[in-house]
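Data first, discussion second: the structure below is written as structure tokens.
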Amino acid sequence: MLEQIQFADDMQEFTKFPTKTGRRSLSRSISQSSTDSYSSAASYTDSSDDEVSPREKQQTNSKGSSNFCVKNIKQAEFGRREIEIAEQDMSALISLRKRAQGEKPLAGAKIVGCTHITAQTAVLIETLCALGAQCRWSACNIYSTQNEVAAALAEAGVAVFAWKGESEDDFWWCIDRCVNVDGWQANMILDDGGDLTHWVYKKYPNVFKKIRGIVEESVTGVHRLYQLSKAGKLCVPAMNVNDSVTKQKFDNLYCCRESILDGLKRTTDVMFGGKQVVVCGYGEVGKGCCAALKALGAIVYVTEIDPICALQACMDGFRVVKLSEVIRQVDVVITCTGNKNVVTREHLDRMKNSCIVCNMGHSNTEIDVTSLRTPELTWERVRSQVDHVIWPDGKRVVLLAEGRLLNLSCSTVPTFVLSITATTQALALIELYNAPEGRYKQDVYLLPKKMDEYVASLHLPSFDAHLTELTDDQAKYLGLNKNGPFKPNYYRY
């Protein structure tokens, strides 16, 4: 199907505060699923503005449909403006929509999705609909949803079940409402974190067996897919978008390089010059975080398990340490490993007063927040997504987004970068849905190199960039097709 698209076209920061008597302990749902966060700060609506659960409301859109569950359908007009603004910086995805909507390459596709629901992902969802797909959508994160955007999607006819501030029960209920539908059965899955895939696999095995393809964009979700494949339980082809170049280098590296500072500034107003920061993990996300923090004058340490990534950190001018070696002196701890229990209760007990702790990985498993839900510790909510966890001696740790994804819980991410990832996801869905029988077996695949290059080429006009073209003689000398792919699959950019 991809051939039908013309690739060639176009001392401590705070003093110690005594604990207050009579302060209520903050109780919130602690999820071990991928209920982390996306751009809550980008939403102008607050989840606490109405105590009535959306599940208890009877709402209909202007067409009389009630096939959705959002916070307030009346916010649709505002949400529509948010989507239109996002479209202005997602020209490549809009270009793909215009090129392919005549062919309707996703006609007959019934896509069930579980991603962050923001203005940018709404552009993706509406692109999939324009290409012929029917979509049902939930949020992969309990704090991620922009309520006005969800309302706009519902008004447009998309079956969306999501709102900011879902409980854990709400989270799984929304996913189930997307999958368990009379007279409608999904044949494609677009997932971020693997929760949707896991739910369908466990609860609806007959539906899972009839899925034509899964597209997964996160480290966590890809890891779960490979576990299924290794166990011989993956009975459908899956596309690993996370490890595509356009996702790894742009979403993971460049996006986090900008958004880490935004999230920290909005929540804490911290000044980074001279601060000691430890970044756990030096993958693409870690590299982006370290580069941004170093540029503002922070003293950055790195922890790593991989000797190659550790050597890269050393060559980039960062000291590689064990977390236990610096935990008493650092001002900020940032996790981005994709692992669990990276920051344990022992680490938290040893931190200095007012140390800021946050997570830039997909899942809320990296910081052992559950261990902080004990009677001797007091939780104080000081502002949205910012909690002070107070020890009996008065020491407090500043915990951001309850250990969930910082940038997408507490700030925003660049729309342009999300365009790159969204375009990749759309093409992966088109490829899997239209692939002839036998091309993809029951396994996890990387995106074809040609697809990565095409996504990149669609975004170059935004920079008025002009590619140099190979001559016939040069192409022959290098053994390449003049139109690509230009690098072998094993090439590391």
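Even glycines carry a Cβ here, placed using N, Cα and C.
Annotations in TrEMBL come from automatic prediction, not curation.
For 1-66, the entry in TrEMBL reads region 'Disordered'.
As annotated by TrEMBL, compositional bias 'Low complexity' applies to 27-46.
All protein chains shown were included, and the count of other CB atoms within 10 Å of the CB of Asp251 (substrate binding site) stands at 26. Annotation source TrEMBL lists substrate binding site at Thr118, Asp192, Glu217, Lys247, Asp251.
Look at TrEMBL and you will find 252-413 tagged as domain 'S-adenosyl-L-homocysteine hydrolase NAD binding'.
With a cut-off of 8 Å between CB atoms and residues at least 6 apart in sequence, the same chain places Gly281, Tyr282, Ala310, Ala313, Val320 near Glu304 (NAD(+) binding site), listed in sequence order. Look at TrEMBL and you will find Gly283, Glu284, Val285, Gly286, Lys287, Gly288, Glu304, Asn407 tagged as NAD(+) binding site.
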- Message: Using only C-alpha positions, which one of Thr118, Asp192, Glu217, Lys247, Asp251 is spatially nearest Val285 (NAD(+) binding site)? These are the binding-site residues in the record.
- Response: Asp251
- Item | Glu284 (NAD(+) binding site) and Asp251 (substrate binding site), Cα-Cα, nearest whole angstrom | 9
- Query: Counting only residues 6+ apart in the same chain, whose Cβ is under 8 Å from the Cβ of Glu284 (NAD(+) binding site)?
  - Reply: Gln248, Lys249, Asn252, Leu253, Cys256
- Query: If one measures from the C-alpha of Lys247 (substrate binding site) to the C-alpha of Gly288 (NAD(+) binding site), what distance in angstrom results, rounded to a whole number?
  - Reply: 13
- Task: Find the longest CA to CA distance in the recorded substrate-binding set Thr118, Asp192, Glu217, Lys247, Asp251; express it in Å as a whole number.
- Result: 18
- Message: On a C-alpha basis, identify the one among Gly283, Lys287, Asn407 that is nearest to Asp192 (substrate binding site); the candidates are the binding-site residues.
- Response: Asn407
- Note on the structure: Spacing of the two Cα atoms, Glu217 (substrate binding site) and Gly283 (NAD(+) binding site), in whole angstrom, works out to 16
- Note on the structure: Filtered by Cβ under 8 Å and at least 6 apart in sequence, the residues in the chain of Gly286 (NAD(+) binding site) near it are Val279, Cys280, Val302, Cys309, Cys336, Thr337, Met360
